[in-house]
Amino acid sequence: MSITKEFDTIAAISTPLGEGAIGIVRISGTDALKIASKIYRGLRGKDLSAIQSHTLNYGHIVDPDKNEILDEVMLGVMLAPKTFTREDVIEINTHGGIAVTNEILQLILATMDHNAEPGEFTKRAFLNGRVDLTQAEAVMDLIRAKTIKQWIYVSLKQLDGSLKTLINNTRQEILNTLAQVEVNIDYPEYDDVEEMTTTLMREKTQEFQALMENLLRTARRGKILREGLSTAKIGRPNVGKSQLLNNLLREEKAIVTDIEGTTRDVIEEYVNIKGVPLKLVDTAGIRDTDDIVEKIGVERSKKALEEADLVLLVLNSSEPLTLQDRSLLELSKESNRIVLLNKTDLPQKIEVNELPENVIPISVLENENIDKIEERINDIFFDNAGMVEHDATYLSNARHISLIEKAVDSLKAVNEGLELGMPVDLLQVDMTRTWEILGEITGDAAPDELITQLFSQFCLGK
């Protein structure tokens, strides 16, 4: 899209609400400079329309009705089209705090008909062709990134256009294939046309399918980098699960007592393990109980175990294995599991020869071998074949994954039709459907309702 669309001018606070060193109030639209000029007084009284683009300018924000200075500011001027929204943009950098930023915003809104909705700045960047839908979604992922690996390898690469380029190139290749097949069909007087058309369709379909399936194979690692490695800690009550959580978090979050059943719900926290977000789920101890509240916690623990990418089973190594320990070993045997033998600071009584592989002796009381847990997790999920590749494009967005799966299904339908000897012109329908599905990923073929729903998830001011 080369021509910027005409929208109302909008404004919003772009920094988090609350106390802070600075606050930013952003204005975007054709009237941005005119609106800012009504409340901004530069040091030399220079008109904003005469100020060079992409500069910071010292001055004051003044209430024009009272002629009172509200704040000392640095005002950024960025003129279209070289801005995020491809519109004229003013950014007022104020002292932090909700009072002053909100007061300045109210002065601005008094001269406007339209306040910014959540995500509207990014939506305008999309509608004006500055970013595609994958890049717009990457902006939201950057805001929510929990670790630097997610930031660099998933969100930043997507914002830079890695997925957009791959999808657009594939769509163009599909279009070229459809055009070539169409030409061959339109000139049937040549004896070898049908064979050439079928051969071309088969080769290209297999090529596109392999590319999409390779992309799908990145989804598991991409999901882990984006959402975190869901990790459930299980064990009978009072074996040290809550203290283990505190040790990994390096702060007190869970209640640690000698009373069984202290953790009555599922506690979720994130911890950075070598750049990978680990979503630690601290479950209630799984045991038979008559306590209604604790029973609900136990059921939630079992559900967390079923949904976990990784299970940390904590056993008390200072006692022999109990029936409940053996039950938990059986319950988690199909999971990616690490067995932690806690209380190595006490005399050992557990039957080590009855335990499975992947066992780490620890002492949560003395914080012993906690680092080995982190190393083992990294070995299981990210060493060798699982290592994060710097140049790879990762699928991490559920919407993208679902659409790629649909595209693969359409390509499979083409291949199956070719095997059955169906006419190529009938199979063009499925190939065209693949082209349309991929367009939904970038936004070239996305319905308006989807676009509205996606941008509504953004924070106000972005």
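Glycine is no exception: its Cβ is also placed from the backbone N, Cα and C atoms.
Taken verbatim from Swiss-Prot:
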type: BINDING; residues: Arg26, Glu91, Arg130, Lys462; note: (6S)-5-formyl-5,6,7,8-tetrahydrofolate binding site
type: BINDING; residues: 238-243, 257-263, 282-285; note: GTP binding site
type: BINDING; residues: Asn238, Thr257, Ile259, Thr262; note: K(+) binding site
type: BINDING; residues: Ser242, Thr263; note: Mg(2+) binding site
type: DOMAIN; residues: 228-382; note: domain 'TrmE-type G'
Residue among binding-site residues Arg26, Arg130, Lys241 with least C-beta crowding, 10 angstrom cut-off: Arg130
Fewest-neighbour residue among binding-site residues, criterion Cβ within 10 Å, set Asn238, Ser242: Asn238
Nonlocal residues around Glu91 ((6S)-5-formyl-5,6,7,8-tetrahydrofolate binding site), in sequence order (Cβ under 8 Å, 6 or more apart): Ser14, Ile24, Val25, Arg26, Ile27, Leu75, Gly76, Met78
Nearest-integer angstrom distance between the alpha carbons (Cα) of Lys241 (GTP binding site) and Arg130 ((6S)-5-formyl-5,6,7,8-tetrahydrofolate binding site): 49
Between Asn238 (GTP binding site) and Arg130 ((6S)-5-formyl-5,6,7,8-tetrahydrofolate binding site): CA-CA distance (Å): 55
